[in-house]
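Encoded as structure tokens, the structure appears first; notes follow it.
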Amino acid sequence: MNVIEIKPVTGRINTIIRVPGSKSYTNRALITTALADGISSINNALFSDDTHYMASCLNSLGIPVEERKDTNTFIVNGKGGCIPAEKANLFVGNAGTAMRFLTALLTLGYGVYEIGGVERMGQRPIQDLLEGLNQLGAEVKSKLDNGCPPVIIKGKGLKGGKAIVNGDLSSQYFSALLMVSPYAENDVTIEVKGDLVSKRYVDMTIDLMGKHGVTVENIGYKRLLVKSGQRYKTISYEVEGDASAASYFFAVAAITGGRVRVEGVGKDSLQGDVQFADVLKKMGCHVDRGRDWIEVSGRALHGVDVDMGDMPDVAQTLAAVAVYVKGKTRVRNVKNMRIKETDRIAAVAKELRKMGISVTEYEDGFEIEPSMPKPAEIETYDDHRMAMSFALIGLKSDGIFIKNPKCVSKTFPNYFQLIEKLRG
Ligand SMILES: O=C(O)C1=C[C@@H](OP(=O)(O)O)[C@@H](O)[C@H](O)C1
Ligand SMILES: C=C(OP(=O)(O)O)C(=O)O
């Protein structure tokens with residue numbers, strides 16, 4: 001495991017950058033185009049661990065996915081709702097979307113399938129999705145009976161009907177259910193028990209399904225209705241830039257007092273993480289938006305008290321910014337950060353404390369009382385977002401080292417090259 005030092009920037013940063021395609025849209029599109037009948041292309045796709053796991057699983061299932069590296073395109077030869085393989089043992093690393101979406105996809109097959117991942121994947125809950133699928137007539141279970149992967153799917157087609165699913169852990173369960181529902185024998189009604197977390201990801205799913213000509217009725221995130229018999233049309237799909245990836249560059253502007261325009265994601269994006277720019281605005285940054293870009297300029301900043309329930313993946317980015325502002329920052333309503341790549345609330349608190357910063361940990365978030373960070377070697381817990389966020393702190397203070405920086409390959413393989421390029 002190697003370690004890199006992030007050195008402070010010297011001059012003022014004033015730059016334009018383009019971030020890779022969205023992980024969430026790329027992995028959704030791999031599923032929906034696999035279900036369409038014939039050739040689709042996914043352009044400006046993200047090429048990273050999470051999307052490679054998804055693509056290689058589809059290939060193992062007999063659904064050909066070709067990677068064109070020169071153009072960041074996936075060419076998918078969809079099988080119209082059929083899963084050619086009758087047996088497969090799939091590995092998805094720590095890709096939550098691949099695990100959840102493939103579990104649902106395989107209920108449409110006829111065969112026996114197993115999906116597993118790295119050790120941490122074996123601690124990330126999936127029981128609510130399994131119960132939802134079983135209510136729709138599937139036969140899926142947690143192999144070790146602990147509500148977590150590996151999962152076993154005895155494919156026999158999906159009947160449809162009504163499923164009542166807890167909304168408080170992950171929106172990915174709902175995206176997974178929605179994407180396969182048109183291929184169920186009967187109409188599907190999904191009832192959300194409690195309040196749904198990460199709602200914007202469900203909007204993204206419905207939006208992409210719409211691009212294929214499939215409609216979903218969303219009744220206030222309480223009931224989701226999908227008519228059976230709808231079929232995904234093949235598409236040539238342009239993936240927009242990844243808003244979570246963009247957050248690190250907005251934070252660069254905020255922390256260093258510079259100006260960064262990120263191209264590839266703009267004012268009409270449905271990605272919840274674009275709201276990170278609004279949080280920075282609340283802290284005192286200047287924010288501009290165009291059709292295909294968002295620009296942040298740093299100013300003197302102050303702490304905020306924010307609900308990040310619609311953007312859990314950028315709460316760590318905010319933690320890095322919070323170190324350099326005046327006054328406390330409180331992040332709320334992101335309890336499910338604890339079940340992601342690591343327990344992200346505990347990890348943020350522990351690593352900031354190493355730098356001498358005072359942090360209060362809550363069940364649903366954290367509060368940071370800023371002070372000048374002391375030199376520290378930061379543990380990243382194999383969490384790409386720990387590595388990417390905590391590196392930002394090093395752009396303004398000496399002696400910040402990041403352990404295992406390669407873990408950024410989960411969603412952003414060239415992250416550190418882009419950060420280095422900012423120095424000009
Ligand atoms: O649907 C998606 O693409 C995602 C949903 C979110 O997960 P939860 O719904 O589990 O919060 C997010 O954290 C993840 O990175 C991607
Ligand atoms: C939580 C994340 O990923 P996933 O749940 O898709 O593994 C993430 O990318 O921050």
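Placement of Cβ uses the backbone N, Cα and C atoms for every residue, glycine included.
Taken from TrEMBL, the feature domain 'Enolpyruvate transferase' covers 11-417. Across the domain 'Enolpyruvate transferase' (11-417), mean pLDDT in this model comes to 98.
Non-local neighbourhood of LYS410 (phosphoenolpyruvate binding site): SER48, ASP49, ASP50, GLY93, ASN94, ALA95, GLU341, HIS384, each in the same chain, at least six residues away, with C-beta under 8 Å from its C-beta. The phosphoenolpyruvate binding site feature in TrEMBL is assigned to LYS23, GLY96, ARG124, GLN172, ARG344, ARG385, LYS410.
The feature 3-phosphoshikimate binding site is assigned by TrEMBL to LYS23, SER24, ARG28, SER170, SER171, GLN172, SER198, ASP313, ASN336, LYS340. GLN172 (phosphoenolpyruvate binding site) carries a helical DSSP state (H, G or I). For GLN172 (phosphoenolpyruvate binding site), the same-chain residues lying six or more positions away in sequence with a CB closer than 8 A to its CB are GLY96, THR97, ARG100, PHE101, LEU129, SER198, TYR201.
Secondary structure at ASP313 (active site, proton acceptor), as computed by DSSP, is helix. Summarising the annotation, TrEMBL assigns active site, proton acceptor to ASP313.
For ligand 2, no neighbouring binding-site residues occur among ARG28, ARG124, SER171, SER198, ASN336, ARG344, by Cβ distance under 6 Å. Recorded residues ARG385 (phosphoenolpyruvate binding site) and ASP313 (active site, proton acceptor) have their alpha carbons 8 Å apart, per Cα-Cα distance.
Ligand 1 lies under 6 Å from the Cβ of none of the binding-site residues ARG28, ARG124, ARG344, ARG385, LYS410. Closest to LYS23 (phosphoenolpyruvate binding site) by Cα-Cα distance, out of the recorded positions SER171, ASP313, ASN336, is ASP313. By a simple count of nearby Cβ atoms, those within 10 Å, the most crowded of the binding-site residues LYS23, ARG124, ARG344, ARG385 is ARG385. Counting only residues at least six positions away in the same chain, the Cβ atoms of SER244, SER247, ASP273, ARG385 sit under 8 Å from the Cβ of ASP313 (active site, proton acceptor).
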